[in-house]
Amino acid sequence: MITKISLIIPILIGLIFPSASNPVDSEDDALDYLKRFGYSSCNASLPVQCSENFASMLTEFQRYFGLNMTGVADKETQAIMNLPRCSVLDKPDVNILQEISSKKWSRLSLTYRLESHVDFQQISYANQISIVQDAFNEWSKHTPLTFEMVCKTCLSDIVLQFVEGDHGDGVPFDEKTLAHAFLPTDGRIHFDSQDTWTELYIELTRYMVALFAISSFLFRYNSTSKTVINLFLIAMHEIGHALGLEHVKNRQSIMFPTYQLKQRSDVLTFVDQQAIQALYGKKAEADCMFL
């Protein structure tokens, strides 16, 4: 029992208290973040223009994340920028209806494979497969989509891989980003193998959720520990991208850009269900939509 508790405690701390090894703590850092995640149309050859637009870009970011729109890189804004997140760009210039991608799969039966994995101490290979299957099944519950896992050397529509750093797709991982995926019909989903992943699912109380919300601010300079990331939650998010969904501003949505703790029982909100059904319909509508 003592051994089990000693393993769970650091995972619990990592789940609730995220940290950033290279925190955003200056205007230059904030500008780099804005340019990286889709808030800037700056011309690289015109750095002065970029600097002049900084306040408006920052205000757009603050609006997207529901912050006070000060146009200043204040502590609250820096805290959000320091949260671990998906590498996919945000789309601050579109509304929630436009955030539903026009790209989708033309078939309702898709295959996937877990091509590469890592030997995590916390998650066995068999459990990694099980977690990925559960994530696909969760999306299938609300749509006519069906997913079949195939062998890791077989051809498939969707390919999941654990990779690290600059892995050749133009979207390198660093200490702030956890995973990314490409819209249909690309099919690639990449997880950062250098992050600390867990299958542990803690049933949260409202107090734990509140702690998570403020912990980036409190612990943003702690570079000695890494956030422990729930693999199921990130798999759900990235599969959403692979099926055609973009990031949304709704903080309760699984498609919100930053990592957040969620109850296992309500991982897909009504907003998420509506978004995926806008692309693929409900189960009863499948024959009509894909004639």
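Note that Cβ sites are derived from N, Cα and C of the backbone, with glycine treated the same way.
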Residue from His117, His247 that TrEMBL also lists as binding Zn(2+) 2 with Cys86, His237, His241, Met255:
His247
Would you count the other CB atoms within 10 A of the CB of His241 (Zn(2+) 2 binding site), including those on all shown protein chains?
23
Near His190 (Zn(2+) 1 binding site), which of the recorded positions Asp157, Asp174, His237, Glu238, His247, Met255 can be found within 10 Å, Cα to Cα?
Glu238
Cys86 (Zn(2+) 2 binding site): tally of other CB atoms within 10 A of its CB:
23
C-alpha of Met255 (Zn(2+) 2 binding site) to C-alpha of Glu238 (active site): distance in Å?
8
